[in-house]
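Here the structure is laid out as C-alpha cells; the discussion comes afterwards.
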Amino acid sequence: MNIAAKPPLTIRLCGPRGFCAGVDRAIQIVVLALKSYGAPVYVRHEIVHNRYVVEGLEAKGAVFVEELDEIPAEHRAQPVVFSAHGVPKSVPEDAVSRNLFYLDATCPLVSKVHKQAMRHNRLGRHVVLIGHAGHPEVIGTMGQLPEGSVSLIETIEDADAYIPVDADNLGYVTQTTLSVDDTAGVIARLQERFPNLTAPAADSICYATTNRQEVVKQAAPGCDLFIIVGAPNSSNSKRLVEVALRAGAKKSILVQRAAELDWDEIGAISTLGLSAGASAPEVIVNEIIEAFRARFDARVELAETVQETENFLVNRELRSIELTAADMAFVNG
C-alpha cells in the first residue's frame, strides 16, 4: 500500500517574534509573587493579552479581576499586580485607600510614555496621544493627566479634523504597539498642520513592535499564507496581520492555538510565513509548526533581522526570589 507523500512546505519563521522584555517581565512578576506570597495573587486586567498565558497563571493560583473592589476582604493582605499595559494614576491611589499591597508590572517603555506625556503637560503643552480608543495602554496614559489635558488621535482623518485650543502649544506621544508606518503618516499630517508640534524626547513605539513589524515585512512577499500567533485583543498582533498583507502575503490570519486552524480554508500552500505578537508564548509557535508538519513535508527557514537582548528587572520586592526554567516552562516550553 502506497502512502501519499506529504506536499512540500517552506515555513518562514520570523525572528524576533513573541515575548518582548516587558511582557516577559510582567509574567515573571506574577510567577515570583506567587512563589513569594503564595496563592492567591490578584491581577488587575489580563497581565498580557493572551488567554493561554492567563490560563497558565490561573492554574498557578493567580486570580484576574477588572477592578480592585472585586478582591475579597479576606484576601486584602495578598498582593495585587497591575498589568503590563499600565494603569491610570487613580488605580494605585485606590489600592492605597483600600490598604492593598500592589506590584506594578507596567512595561518600563509604557512608563516612559507616561513620563513624556507628563513632561508635555508640565511645560504647558496640550498632549496629543496617537493610539486606539479603549485600549488599556491608552486608558492608562490618558489617566496620568487631568481630564481635558489629552486629545486622542487614531487616524489621519482624525488628524485632519482635529481643532486644538492652542495650535502652537502641542506635544505628542504614541501608544507603544501601533503600526510604525501608519503612525508615521499620522505624525506627518499633524506636523504639517501644526509646525510647532513638539515630539517626545524618544520614539514612543517600542523596539519590539518595530522589530516584529520589520521582519514580517521582509518575510511576507511570496507567502501564500502568513500566520500571526496572538489574541484578537492584542494590538501589536493585529498590526502584524496588517503589515503582512501590505508587504505582499496573499493572506494573513491571527490565531491563538493550532486547534483554530481551518485546514480546508488553508488548502494547498507552498510557503507559509509565521510570527507571533509580543504577548504570544513560544510554545504556541511550536504547536503551530508541529500542526503543519503533520500535514506537510515542512522545512523551517529562519527570517531574522536583529537579535534582541533587552531585559527589564522585576520589582525590587521580588529580586531575591529565584526564578527557574521550570517556573516559566508553561510559556517557554
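A Cβ is built for glycine as well, from the same backbone N, Cα and C atoms used for every other residue.
For the recorded site, Cys206 ([4Fe-4S] cluster binding site), the DSSP three-state label reads coil. The annotation [4Fe-4S] cluster binding site is assigned in Swiss-Prot to Cys20, Cys107, Cys206.
According to Swiss-Prot, the feature dimethylallyl diphosphate binding site maps to His49, His85, His135, Ser234, Ser235, Asn236, Ser279. Neighbours of His85 (dimethylallyl diphosphate binding site), defined as other CB atoms within 10 A of its CB across all chains, total 28.
In three-state terms derived from DSSP, His85 (dimethylallyl diphosphate binding site) belongs to neither a helical nor a strand segment and is classed as coil. Here Swiss-Prot flags His49, His85, His135, Ser234, Ser235, Asn236, Ser279 as isopentenyl diphosphate binding site.
Marked as (2E)-4-hydroxy-3-methylbut-2-enyl diphosphate binding site by Swiss-Prot on the basis of sequence analysis: His49, His85, His135, Thr176, Ser234, Ser235, Asn236, Ser279. Less than 8 angstroms from the CB of Ser279 (dimethylallyl diphosphate binding site) sit Phe19, Val23, Val48, His49, Asn50, Val53, Gly230, Ala231, Ser234, Asn236, Ser237, each of them six or more residues away in the same chain.
Residues or ranges marked as active site, proton donor by Swiss-Prot on the basis of sequence analysis: Glu137. Sequence-distant neighbours of Glu137 (active site, proton donor): residues of the same chain at least 6 apart with a C-beta under 8 Å from its C-beta are His85, Gly86, Val110, Gly131, Gln175, Thr176, Thr177, Ser235. In the three-state DSSP classification, Glu137 (active site, proton donor) falls within a helix.
Within its own chain, His135 (dimethylallyl diphosphate binding site) has His85, Gln175, Ser235 as residues 6 or more apart in sequence whose C-beta sits under 8 angstroms from its own. Neighbour list (Cys206 ([4Fe-4S] cluster binding site), Cβ cut-off 8 Å, at least 6 residues apart, same chain): Cys20, Gly22, Cys107, Leu109, Thr176, Thr177.
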